[in-house]
């Protein structure tokens, strides 16, 4: 028994490593675990070559494989739910099944970091032991909606987010203390070197599929983890956009850096917290990052200051409203890293009417990239694309494309 009165076997949730997963293929988290990784890479390469065959001048480079094939995800979002087992209704925590009918009670995962699986198990145990009620989407009752977990690869720090359906929670201090204790105990039993540096309550009372709400309260520690890309330091919060596979970030950004002419004036559209902006700053004359999220802009400015980078500036606002003014300042290169929806028509129009020499397009969606490439090649030449596998065992694919005049 432990100091919490729990049997060690109840705490030890992490299974031995194998190629299989007890939840596959029922779970919607991945869909290619049954295929060897080399075959997955081959399929993705062939898929890209087939999709983009119509671009005569395009060189499609060999796909860059992930340095880590399993347990690479360092961000996890899991919903709470409940299922009837016999005569009992039991709280569950995991991903939806493929048909999106129920939530699988996740016991293992081959693509998310093992420490985060352990933390999720601790949170499930806490919720069941303390009888904290899960949120019910149908009638809006219950408290626990989601967990959001982040782990920094460089520092091994973990940030825990508990998304709730209410601001005030009776006995919150005791619940928070117990939660921290359970998490520490579970990690200790796994002999983990990771450290939980913050536990946050995020309040989301809206009837929405969006996970995070606007209000956050700190239950323990601080609201960020410390991460690095190369020699650059960043602070990552619950809602920060940051690539989920930290083992591939440098490979992805190096592709952008290699294609950037020295001493260029650069516009980094959809810059988030400025990761690409700061990464390419040493090779650039000036970088202007464009981002509509206020929190991301504050983080970007803070990161530039913390890293001693002075040739980068950030502008708040939607790209379609800020891009034209940024391009008027004698810009040479535009870096694009849009969401899955890709570029809106007005942004493409601005790019086509500009005098820039080069576009470096970081895409997470081959379909919208294809659509945007068709539009951009009215003026630009589509010369190179390098696929980057950030998401092994899934159909998702990142890439870096080069468009020149």
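Even glycines carry a Cβ here, placed using N, Cα and C.
All TrEMBL annotations are machine predictions without curation.
Database features (TrEMBL):
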- 364: active site, nucleophile (ACT_SITE)
- 364: active site (ACT_SITE)
- 243, 270, 291, 337: S-adenosyl-L-methionine binding site (BINDING)
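According to DSSP, residue 291 (S-adenosyl-L-methionine binding site) is assigned to a strand segment.
Cβ proximity to the S-adenosyl-L-methionine site centre (mean Cβ of 243, 270, 291, 337, cutoff 8 Å) flags the following additional same-chain residues: 241, 268, 271, 272, 275, 276, 338, 362. Residue 291 (S-adenosyl-L-methionine binding site) and residue 364 (active site, nucleophile) are 18 Å apart (CA-CA, integer value). Summary for the binding-site residues 291, 337: the Cβ-based neighbour count within 10 Å is maximal at 291. Pairwise Cα distances among 243, 270, 291, 337, the recorded S-adenosyl-L-methionine-binding residues, top out at 16 Å.
Secondary structure at residue 337 (S-adenosyl-L-methionine binding site), taken from DSSP and collapsed to helix, strand or coil, is coil.
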